[in-house]
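Enquirer: For reference, the structure I am asking about is given below.
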Amino acid sequence: MTTQTMASLQSPSTVLPTGHHRHRNPLSSAKPSHFLTRRTTHHNRLHVSCKTGGADQKPSPPPAGGNLVDRRNMLLGLGGLYGAANLVNDPSALAEPIQAPEFKDCGLARDVQSGDLLDINCCPPPAEGIVDYKLPPFHKLRTRPAAQKVTKEYLAKFEEAIRRMKALDKSDPSDPRGFMQQANIHCAYCNGAHDQVGHKDLDIQVHNSWLFFPFHRWYLYFYERILGKLIDDPTFVLPFWNWDNPKGMQMPKIFDNPKSPLFNPNRNQAHRPPAVIDLGFSGASEDLQLVVNNLTVIYSEMIRSVNATTDFMGQPYRAGDSPLTGAGMGSSERGSHVSAHVWVGDPRNKYSEDMGNFYSAGRDTLFYCHHTNVDRMWTIWKTLKTGVPKEINDPDYLNASFLFYDENKQLVRVKVGDCLDHKKMGYDFERVDTPWLNYKPAKKAGKAKIHKGTSTAEKPDGLFPLTLNKTTRVLIPKSTKGKADEVLVLENIDSDTTKFVKFDVFVNDEDDPSEELDKAEYAGTFAQVPAKTKNKIARANITLRLTELYEDVDVDDDDTIVVTLIPRSNGEYVTIGGIKIIPSPPRSG
């Protein structure tokens, strides 16, 4: 991995932001952030086979004694890559939702990693007469297809729609339905172009919080309707990049034809088909290992790491709050979402354009295909029987609003509360296999033997604060003996925000560091992308859920565990203030 690579917190982990907001925020998973650009008028702040269906899904335990060979054979049997190329109700909080921005206030952007001013104006065209949007009636659900399965007829429509959208850039650059105008929506909402209404010193940021999923759902909804309007086909739908299935873990081939309007030269050339995406940024070189790592990552961010609603959805973000840092991200946003962005972005470009930077991501047609799958993952998560509340009833969430232009060039106001049921918006997704649903790391065949780890492990007293410039094993006392419901807490993690840093955490692992994440001892990952911020040093705490891990490695009546910290990138720029094990908080919203 290079310093241009972004990884994210995949796994049973929660990052606790150390800053304070005006409102009481429930605990959530998150991590320091990633590829954003900023405008110059604001202060810098830290930011860039099972089927899916309507029926509730419940993950089932893997067979006892399952092993990696069996799991790999299962993948080969699927055909994979190889067969074909209440939260959150906070009654004390004031009702102050983020409001739709005033388009008259806009500014240039600055790349947070370098501080360089970007010569780009993402401001949307001005308009009068904003209309509150009402979902129109429909007669039949439109089905979004998996990109690797689209027909020639569908592809012809998709290409023609994009061709006409790009043509508007030349024939009428001010048409809000044009390709660049649509791409700039992401830049404006993500890079500080819009002020918060009533808080001129604060930007609107639709990443790193509970706004992430609903904003992008509305964005795709209107993008899709505009494409349909341009080709006079109201049934048109976007495809989804099926990166959660082995058959879709490549850049979709429909986007890799240089003669197609879907093609974009600003992509990582080493990651064109048949390269397999690395959602865990593990650095694995074997395709099959990448596939099993990917499935492990998705299982983790969808199930294993989610102990509360905000762990998946992201932290609350209200009017008057400073834009949340990466510590506000939910597990999916900071995981597969970020990974795909960075994996596609072109390292030959200064800011990893197009997909590797928020300001330019919308210029790649693959962006919309990627986010259609992100949207699909949200719909799947809401069906999972995991004991975690799936809905947020806080009025500050439900009444948050955005502005978009619709297919008729009408500026409309939409609310989060109106997009929570995708079927009411008139679409659904093609049913495809979800092998990650049961991809819990295989249990060890016998009790974990950690003689090697124990012999080299140090006690935390006198070891911390620890600069992580080498692999370190730490012997940690448990809060109680045996298979308790506990979490591992790493406190006061100070990292240089200008560096890409990443380290992995394993428990009772006697093996040397490896590229394999699909093992019971894997507890989680911490990662941070370089960013130029007001404070060069960022601080966060993370918690890693140990309950399932204890079952899988069989801690029995042990009263200590060995924690292995493995630096993957720039560990010398990370200092961990302390480490401990505590009882797990209640599994609730």
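A Cβ is built for glycine as well, from the same backbone N, Cα and C atoms used for every other residue.
Summarising the annotation, TrEMBL assigns Cu cation A binding site to HIS186, HIS207, HIS216. The Cu cation B binding site annotation in TrEMBL covers HIS337, HIS341, HIS371. The compositional bias 'Polar residues' annotation in TrEMBL covers 1-16. Residues or ranges marked as disulfide bond by TrEMBL: CYS106-CYS123, CYS122-CYS187. As annotated by TrEMBL, domain 'Tyrosinase copper-binding' applies to 207-224. Sequence annotations record features per position, and here TrEMBL assigns region 'Disordered' to 1-34.
Give me the lay of the land around each of these features.
Expert: Taking a C-beta cut-off of under 8 angstroms and a sequence separation of 6 or more, HIS186 (Cu cation A binding site) has the following same-chain neighbours: TYR219, PHE358, TYR359, ALA361, GLY362, PHE367.
In this structure, HIS337 (Cu cation B binding site) is part of a helix by DSSP.
Of all Cβ atoms in the shown protein chains, 17 besides its own fall within 10 Å of the Cβ of CYS123 (disulfide bond).
Under DSSP, the residues of the domain 'Tyrosinase copper-binding' (207-224) split into helix, strand and coil as follows: 13 helix, 0 strand, 5 coil.
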Enquirer: To test your reading of the Cu cation A site: which residues beyond HIS186, HIS207, HIS216, same chain only, put their Cβ within 8 Å of the Cβ centroid of those residues?
Expert: TYR189, CYS190, VAL206, PHE212, PHE215, TYR219, PHE358, ALA361, HIS371
Enquirer: Going by DSSP, is CYS123 (disulfide bond) part of a helix, a strand, or coil?
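Expert: Its secondary structure by DSSP: coil.
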Enquirer: Could you say whether, by DSSP, HIS371 (Cu cation B binding site) belongs to a helix, a strand or a coil region?
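Expert: The residue in question, HIS371 (Cu cation B binding site), is helix (DSSP, three-state).
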Enquirer: Could you state the CA-to-CA distance between CYS187 (disulfide bond) and HIS207 (Cu cation A binding site) to the nearest Å?
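Expert: Distance (Cα to Cα, whole Å): 11 Å.
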Enquirer: Starting from the Cβ centroid of HIS337, HIS341, HIS371, the recorded Cu cation B site, name every other residue in that chain with its Cβ within 8 Å, sequence order please.
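Expert: Along the chain, the qualifying residues are HIS216, GLU333, SER336, VAL338, ALA340, ALA361, PHE367, HIS370, VAL374.
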